[in-house]
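Here's what TrEMBL has on this protein:
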TRANSMEM  51-73  transmembrane segment
DOMAIN    124-260  domain 'Peptidase S54 rhomboid'
TRANSMEM  133-154  transmembrane segment
TRANSMEM  166-184  transmembrane segment
TRANSMEM  190-211  transmembrane segment
TRANSMEM  218-237  transmembrane segment
TRANSMEM  243-261  transmembrane segment
TRANSMEM  291-313  transmembrane segment
Amino acid sequence: MAGGIPPQPEIQIQVHSRKGGNSIYPVEPTATTTTGGGPGFYREIKYFKKWFPWLIPTFVIVNVVTFLVTMYVNNCPHNSVSCLAGFLGRFSFQPFSENPLLGPSSNTLEKMGALDVNKVVHKHQGWRLITCMWLHGGVFHLLANMLSLLVIGIRLEREFGFVRIGLLYIIAGLGGSLFSALFIKSNISVGASGALFGLLGSMLSELIINWTIYANKLAVLVTLMVIIVINLAVGILPHVDNFAHIGGFMSGFLLGFVFLIRPQFGWVSQRYASSAYSSRSAKPKFKVYQMVLWVISVILLIIGFTAGLVMLFRGVDLNDHCPWCHYMSCLPTSRWSCNTEPVSCMSEQTSNQLTLTCSNSNKTRSYSLSNPNTSQIQGLCSRLCR
């Protein structure tokens, strides 16, 4: 009709399977049409585009290479009395009784940058809060974390891009290390689990803050909650740093509200329509509840990280203020003990014989060794006391 508003291009809606449910997002029409007068081609608009995932696979490669370097530095045949899989040479593993994960000694992990609260606080080695994320206790530990990272991380990177997911991974990992350091004072900690739980937490918050976008949202929510509860429950086993899991999850949950917020369909459709059309039906980019969650999360993140760092460098032990919190990381049963006190031994060298006495249990054992080095003594002490 003359003098009327010209027809507007229709903003198409496509449905894509994601997280066990369906996510719906618009695509932008292009001017190109198919031959024969068919419908035009469509491409995803930038707010909902699919990214090529390269950062998460790179993180996996870095973790694997770091583990190989750690095993090279470990050099079990030179630093231990006995090794597992000796045919691997200096890449062979510590005895199973010392490290059941098939990996290096705790001494080597400490050299490579494991989280040691004493060194972080008293020797100003705060970088260990980050480096511990790239170290793993053994082959089993590495495989479990890297498979989980590929499954969770690639999906998130494809949806939100490498910048947001990369920042989320690093910051959540730092949050996990920080929370762990406030509770675990006498042992070292390594692993990417804190960062992984951060990604898992961000999946939950992303579902909440983008609630109106999803179909089958209750089913997706229940599935995510079951996965999260199961993974956190595994953390009550001995020798698992569940504090890093909890800290990473809480950090990732809040970061998801900040980094993974999506604009509403009405605003996106308006942006790609003409000015005449958009002026008639102006819509906000985000809903009020989205902005409220964003602001609250930013405030809690700033307060949490600031308070955590201040308490850490002041030497605060949260176990003194929460006597039951240690049960969140290990729940003692008749099948296992949660005693994680560091082991120490008294040594006596006579001729070609080394005698060790465990200070924790008073167990004594003699070994036929002449001039053993420090790493060998530490390895034997660990096996004797455990």
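Heads up, the Cβ atoms here are built off N, Cα and C, so glycines get one too.
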Open item on the list: Check for me, if you would, whether the transmembrane segment (243-261) reaches the transmembrane segment (166-184) - at least 3 Cβ pairs under 8 Å, residues 6 or more apart in sequence.
Closed with: yes
- [ ] Could you tell me whether the transmembrane segment (218-237) and the transmembrane segment (133-154) have 3+ CB pairs under 8 A, leaving out pairs under 6 positions apart?
- [x] no
- [ ] Quickly jot the same-chain residues contacting the transmembrane segment (291-313) by Cβ under 8 Å, restricted to those at least six beyond its ends, or write none.
- [x] 117, 120-121, 174-175, 178-179, 181-182, 205, 208-209, 250-251, 254-255, 257-258, 261
Task: For the domain 'Peptidase S54 rhomboid' (124-260), the mean pLDDT of the predicted model - done: 93
Task: Secondary structure tally of the domain 'Peptidase S54 rhomboid' (124-260) (DSSP, helix then strand then coil) - done: 105 helix, 3 strand, 29 coil
